[in-house]
Protein chains: 2
Amino acid sequence: MNATLDGDVVRAAGDARQRFHDARGYGRASGPDVTLARVEAAHLLYRGDIDSVSGMDFRAFFRDSVAGESGFAARFLVYADLRERGFYLAPARAGWPGSADGRDAGADNTDDDSDGRHDDADILVFERGEKPGGPVAHRVRVVGEREELAAASLGGRTLAVVDEESEVSYFACTADGGFDGRTEYDLPDDLDADLLDDRVVCWSPPVDLYESAFYGQPISGRDDADVDALQLSLVEAADLAARGAVALDADAVIERGRAVEGERFDRRLSVYRELRDRGVVPKTGYKFGADFRTYDAVETVTDLPHSERLVRVVQPDHRFHPRELALDVRLAGGVRKRMVFALAGDDSNDYLTVERLTP
Amino acid sequence: MNATLDGDVVRAAGDARQRFHDARGYGRASGPDVTLARVEAAHLLYRGDIDSVSGMDFRAFFRDSVAGESGFAARFLVYADLRERGFYLAPARAGWPGSADGRDAGADNTDDDSDGRHDDADILVFERGEKPGGPVAHRVRVVGEREELAAASLGGRTLAVVDEESEVSYFACTADGGFDGRTEYDLPDDLDADLLDDRVVCWSPPVDLYESAFYGQPISGRDDADVDALQLSLVEAADLAARGAVALDADAVIERGRAVEGERFDRRLSVYRELRDRGVVPKTGYKFGADFRTYDAVETVTDLPHSERLVRVVQPDHRFHPRELALDVRLAGGVRKRMVFALAGDDSNDYLTVERLTP
């Protein structure tokens, strides 16, 4: 069967509507014919279901499409991979199944953006067993591994990253940190403490400050030590100073934090405070390359649960490099934690959970 | 017992030489007395072995030392941690045990640098059971988690990173990639290929190009495909073009690589080529957040071994952020690979292997 290129779509007549659209969920019906997006037509050529598009075989049509549509090669690879996994798909595109119609002026998100994306997605994946137009399982955003991605645009999308060797990795992005803070404790008043370089030492602290509230790290953990002291990080100390628990000027601690860390300190402190306010315990995530690891519910440090999440604090306009995203999410998965990005803004923080996914 | 601060050292008399130097390896002997570095004196105060230094208790002396020596707090924590692990230690310092004497003008590395480091180290750890001055097990460089580190200065050193909550992580750094390339294959001549966007498609390639030499990724892996093609990454294609295996202009491929990746492409290609020349097979490390994963010996892709290393390509003057180092090395360990940094220079590449260590 031969099909015809018509602007940015491909039209097929004869029994194409029955064979490709009705039976296998390609394209959109146009009266007796079927209209295919380029990615759909390329897939049918690739499978040998159609022989040519306006005289072009797969190789020629693929070249023509790569030249004509930005990101086509990656989109084709993801389309083929998801079809192989047994899903019905549609390009996310005004008027295609599952997307609002560009002609419906009353609907939200009716227009495709300048990259041809509709509603920040490239491909809609329908729930297993559902035909095009049914419930959507994944709104897939396709990116090459070299493209940067605005963190704020990813909530509710499934990211398909095509690496330089054309393998596809999937990530589910949820606009929620998923925290369920249930840690309770009382804080002391005005403890004696020294601000020393880039940390704080708190002298002869009550046991519960570490053991229940899980602030700091004892310097006196050694059997042979003669000293009773708790070391606090600067975020911990700034938080405790603001709550009146240590006798230090909170602003002086914050100034020291900015001196050693720049404005990143303010963002980290903002997230730290919010998590503490929500009953979550953040501790350093250094060993996992993150800002914090977090515990929803600490009863005692002696009987510490597994920390559930790693948190990386970023700016609200942060753009991910897909390679860094792969690194963070893979590491978190390897230590049975969820990876959460905190988009720390001036007035409030947003959270984005990213997980690896096998569709 | 009381000791006395004298410039940047502490002097103790009486039975101090016998008790601290001869029996327990602190300080250097000065006639009948012992001379202690600040970190050694602080440790003796912390343990209650001496009562004061020029009237200062542990708290006062610690404050005074933090004010007087850059990085003192981190150095103290590492010193105490290593002592706790049962090692004899000495500050890396001209004239202290294990370091060359600053007064010996003929020796290399006789002077301490402006940070007080001797031979790029802060603390010498002697082999287990060895007294100060015996064989050195670790030349320890101490850093806070916020300090950047010149990659080129780390070979042969053990890095002790003190995180913001005062936990210490150790990394062994070796100025060698440890590659043992044993992969052999023949390449074809002038294969038909298209440069398409940020990848190359090679049409109807010989089976061995993928199966033995492990170049590319078949686009025709699917059972239902009608197309026989191998996708190549741009580094793979540039390497194959330079070797005459694909009929593409190597410079055109390199130009495309620079267009999508900048000058980073040249560095990655230089490392890729060198590894191929040495019989090592580099494939993308994207899923591990690295530039490459590498195989020393590939017989066939059907029977592919575990890849042994992850390689991240950096500039020769690269400075590590300790948090990124922790992330890379931890991830590599979690997937049973070694982490190698390739310092890609204009004329040659150097390699640095970094591993977590428990002293």
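A Cβ is built for glycine as well, from the same backbone N, Cα and C atoms used for every other residue.
No curator has checked TrEMBL annotations; they are predicted automatically.
TrEMBL has this to say about the protein:
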DOMAIN    B:1-62  domain 'tRNA intron endonuclease N-terminal'
REGION    B:97-119  region 'Disordered'
DOMAIN    B:193-247  domain 'tRNA intron endonuclease N-terminal'
DOMAIN    B:265-346  domain 'tRNA intron endonuclease catalytic'
ACT_SITE  B:Tyr295  active site
ACT_SITE  B:His306  active site
ACT_SITE  B:Lys337  active site
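Feature annotations (TrEMBL) mapped to structure.
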{"residue": "B:Tyr295", "record": "active site", "DSSP (3 states)": "strand"}
{"residue": "B:His306", "record": "active site", "DSSP (3 states)": "coil"}
{"residue": "B:Lys337", "record": "active site", "DSSP (3 states)": "coil"}
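The two recorded residues, B:Lys337 (active site) and B:Tyr295 (active site), show a Cα separation of 11 Å. Within 10 Å of the Cβ of B:Lys337 (active site) there are 20 other Cβ atoms, across all protein chains. Look at the domain 'tRNA intron endonuclease N-terminal' (B:1-62): DSSP puts its residues at 21 helix, 20 strand, 21 coil. A gap of 7 Å separates the Cα atoms of B:His306 (active site) and B:Tyr295 (active site).
Taking each of the active-site residues B:Tyr295, B:His306 in turn and counting other Cβ atoms within 10 Å of its Cβ gives the largest count for B:Tyr295. Along the domain 'tRNA intron endonuclease catalytic' (B:265-346), the predicted structure has mean pLDDT 96.
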